[in-house]
Amino acid sequence: MANARSLVAKANNINVGSLILMALVFGSCVANGEYLGGRRGLAANSGNPTVYDITKFGAVGDGSTNTFKAFLNTWIQVCDSPVPATLLVPKGTFLAGPVIFAGPCKSKVTVNVIGTIIATTSGYATPEWFLFERVDNLVLTGTGTFHGKGEAVWKADGCGKKVQCNLPPTSLKFRNMKNVEINGISSVNAKAFHMFLVKTENVNIQNIKLTAPAESPNTDGIHLSNADNVSILDSTIATGDDCVSVGRGSNNVTVERVICGPGHGLSVGSLGKYKNEEDVSGIHVNNCTMIETDNGLRIKTWGGSDPSKAVDIKFENIIMQSVKNPIIIDQNYGSRGGDSQVAISDILFKNIRGTTITKDVVQIMCSKSVPCQGVNVVDVNLDYVGKTGGEKKSSSGGLVGALCDNANVIFGGKLSFPMCPK
């Protein structure tokens with residue numbers, strides 16, 4: 001047990017109470033079902049051996065009793081079950097945090113959230129509220145809500161675009177996992193990211209709702225890092241930062257039928273912030289709606305970056321309502337200076353329609369060192385409606401049109417603005 005505690009401490013730097021519980025989790029998953037002093041888990045005697053209700057393990061749904069130990073004790077049973085098992089959060093309001101659900105588990109695991117889970121406002125030694133790690137074949141489902149209580153910490157968040165900064169805790173992090181299904185749940189007022197997928201593979205997210213005020217800092221809806229084969233479908237994201245941000249080393253990502261806004265748009269990046277970042281490829285955004293977002297469809301890379309690539313990125317069939325900066329590639333993002341070394345190529349913006357509050361409909365501002373190649377802008381019809389939206393202007397609308405720098409841009413189809421001069 002001491003060795004397990006030491007390993008977890010080095011890996012996660014978490015507090016002593018969580019270390020003890022984490023050690024129990026690891027021990028339970030390899031010790032033939034033994035639980036707390038050699039007693040067998042409850043599965044053998046339960047009337048429904050595959051469903052474990054957190055209230056049977058001490059959770060109190062009064063909104064004020066910290067139930068994180070009940071969550072972890074329930075998880076021990078679920079993870080150790082030899083048959084597929086469900087951790088159930090029933091109706092009620094449960095205060096908890098932080099919670100670590102660690103695997104590997106013996107069988108498929110479902111976490112079914114019906115009630116509301118409220119985060120504590122302090123006591124976080126780790127950068128997440130709920131962490132799922134090494135739990136393959138996980139299903140997170142239900143009609144319930146994760147309330148991050150971000151309003152308690154947003155004023156103290158001074159990260160902005162700083163190179164080095166410790167963000168407040170992410171609400172839901174999934175790390176080192178394969179074959180994950182997330183559907184139906186809601187996340188409200190995350191302290192920072194609502195969801196963060198890192199080193200994951202084969203993840204399907206659908207029918208979720210993520211919300212936070214437009215002014216809440218760094219509250220990305222879903223952030224990906226080294227994530228492969230991810231689908232984000234049929235969801236609503238209204239938050240204070242990117243609705244979806246696709247980060248380094250992510251490949252084969254599909255975003256479809258997502259309503260985004262308020263927020264900072266649907267973004268690839270920022271890329272190039274860290275050393276030796278892996279390439280990004282196969283990002284396809286289709287049939288999405290953007291409402292009063294600060295940016296629309298964006299690719300952003302840091303100046304002074306190490307070399308990497310961002311290729312095969314497609315934004316198609318997008319509706320925009322009073323969107324600022326509808327189409328933008330920004331290779332001077334952040335505060336570091338110097339030319340970006342992220343090579344951007346094979347990019348498509350097609351069938352983008354609606355209204356904008358920015359006269360520069362298209363801004364393709366690429367790196368002098370590695371100019372963008374193969375950027376296609378096709379069938380973009382956006383009407384300028386003034387700085388605050390409202391009445392539709394004439395089709396000319398006083399638009400500046402497109403701005404292009406260090407980029408090979410190919411325009412085609414019907415355009416509502418003047419093209420970049422060749």
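Sequential numbering from 1, following the chain as shown.
Quick reminder: no glycine exception, Cβ is built from N, Cα and C everywhere.
Copied over from Swiss-Prot:
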- ASP241: active site, proton donor (ACT_SITE)
- CYS243-CYS260: disulfide bond (DISULFID)
- CYS366-CYS372: disulfide bond (DISULFID)
- CYS404-CYS420: disulfide bond (DISULFID)
- ASN229: N-linked glycosylation site (CARBOHYD)
- ASN252: N-linked glycosylation site (CARBOHYD)
- ASN287: N-linked glycosylation site (CARBOHYD)
- 200-226: repeat 'PbH1 1' (REPEAT)
- 227-248: repeat 'PbH1 2' (REPEAT)
- 250-270: repeat 'PbH1 3' (REPEAT)
- 280-301: repeat 'PbH1 4' (REPEAT)
- 310-331: repeat 'PbH1 5' (REPEAT)
- 1-31: signal peptide (SIGNAL)
For CYS404 (disulfide bond) and CYS366 (disulfide bond), what Cα-Cα distance in Å is obtained after rounding to a whole number?
8
Which residue among the disulfide-bonded residues CYS243, CYS372, CYS420 has the fewest other Cβ atoms within 10 Å of its Cβ, if you could check?
CYS420
Just to confirm: which same-chain residues, 6+ apart in sequence, have a Cβ under 8 Å from the Cβ of CYS366 (disulfide bond)?
ILE329, GLN331, ILE344, CYS372, ASP405, ASN406, ALA407
Please report the distance from the Cα of ASN287 (N-linked glycosylation site) to the Cα of CYS260 (disulfide bond), rounded to the nearest angstrom.
11
Out of 200-226, 227-248, 250-270, 280-301, which stretch touches the repeat 'PbH1 5' (310-331) the most, going by CB pairs under 8 Å?
280-301
Given a Cβ distance threshold of under 8 angstroms, which distant residues of the chain, six or more beyond its ends, lie next to the repeat 'PbH1 2' (227-248)?
190, 194, 197-221, 254-271, 273-274, 277-278, 280, 283, 293, 308
Restricting attention to the repeat 'PbH1 4' (280-301), give the mean pLDDT.
98
